[in-house]
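All remarks here apply to the structure that follows.
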Amino acid sequence: MSLAKRIIPCLDVKDGETVKGTNFVNLRSAGDPVALGKAYSEQGADELCFLDITASFEGRKTFTDMVTRVAQEINIPFTVGGGINELADVERLLYAGADKVSVNSAAIRRPELIDEITNRFGSQVCVCAIDARFDADGWHCYLKGGRERTERGLFEWAHEAQERGAGEILFTSMDHDGVKEGYANEALRELADNLSIPIIASGGAGKKEHFRDTFTEGHADAALAASVFHFGEIPIPELKQYLRDEGINVRI
Amino acid sequence: MNVAIVKYNAGNIYSVVNALKRLGIEPTLTDDAELLKKADKVLFPGQGHAGEAMDYLKARKLDLLIRDLKQPVFGICVGQQLLCKHSEEGDTDCIGIFDAEVKRFQPQRHEDKVPCMGWNQLYNIKSPLYKGLNNGDFVYFVHSFYVPLCAETIATADYILPYSASMHKDNFYTCQFHPEKSGKVGEQILKNFLDI
């Protein structure tokens, strides 16, 4: 038997409020993260992901307080990310009650961060988030929410992250994010078939079929989405029933 | 009800504290022998390395104390493993309530990822611990080591091979999964334990 495919609502949090952009700009407010998280948990979300998109010191403190409140109220696993630069950030968030942390830019700049996190807390807490775009010369990793191109290729960086101990890869295709025309299934499949750690698909969900396809064609272990959930376009119970009817192993 | 949680060096115990608080219980987090002995119920959660956990427990004689507890005790995740006789993790002698050997998962196919992390189904459930629940209900697992099926198994899970998701012997109950992270099903299991 294999594990159930996971559905993960992602909440971008800025100054304690949930937001979600289209192609990483034009942020729209979508509510209180704790209330939303609780609602998702009750609807059958398998996990929650909270990304802090505030950069300031004050914002980080607000975010940590939010993590504490989420941990008190929510009985499913949750991942937090955004602004994690060093082990002290990871400690702060895990002690506040997060189950996993997702690292992104800081890990590309200093890959040893992944070793440090996993040596201290185990692989299961470390999600390596990768934002990538398909450029003329292939898939490239980007930093700062997509504003800065790096010379790292998606596949080689994902492989290195695995070798350093990352427990999961959260891959966001910037070409697909916010467009709602489906996930980057070809790239996802290449990741899933070549790595031995779970792959979370992110960016591109617009219809229920997109979730099915990322599991069947993209071989993803989990699918993450934001706006289709926040604005009620795809209710989670309906999505899961659909996936089950399509023969996909989901938790209902 | 007086509920105590064994305080030691094994990971995220606060999620268990939060789960009990949601059920209206204010647990005592302690490594004090007297407080543990007089509690109505004792939870023994855990994450992390079995060897390091046993070293810590032995140094404080908590291993003997736990072994001799008479009230209902609930070992969760590494807590379940530590209640067995021996673990392959660090070749560790454990507390020994259950005459079982904790083994490491050996992946057989590409899909067999270790640690096993995610939602899986319970089968062959048989215990007041699972009152009101059904075979096929999903719970959340995070582990690299497992307890094989044995006479004390009260729920099974199948990942790479069928194994003990949960066990019971005398006043000791265990589960390999995390009830505190398993949604409504997990909440019911915690409630059922408190009702034993």
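Even glycines carry a Cβ here, placed using N, Cα and C.
What TrEMBL annotates here:
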ACT_SITE  B:C77  active site, nucleophile
ACT_SITE  B:H178  active site
ACT_SITE  B:E180  active site
DOMAIN    B:9-194  domain 'Glutamine amidotransferase'
Integer Å value for the Cα distance linking B:E180 (active site) with B:C77 (active site, nucleophile) is 11
Looking only at Cβ atoms, how many others are within 10 Å of the one on B:H178 (active site)?
-> 25
Write down the Cα-Cα distance for B:C77 (active site, nucleophile) and B:H178 (active site), rounded and given in Å.
-> 7
Tally every other Cβ atom lying within 10 Å of the Cβ atom of B:C77 (active site, nucleophile).
-> 28
Averaged across the domain 'Glutamine amidotransferase' (B:9-194), what pLDDT does the model get? Just tell me the whole number, please.
-> 95
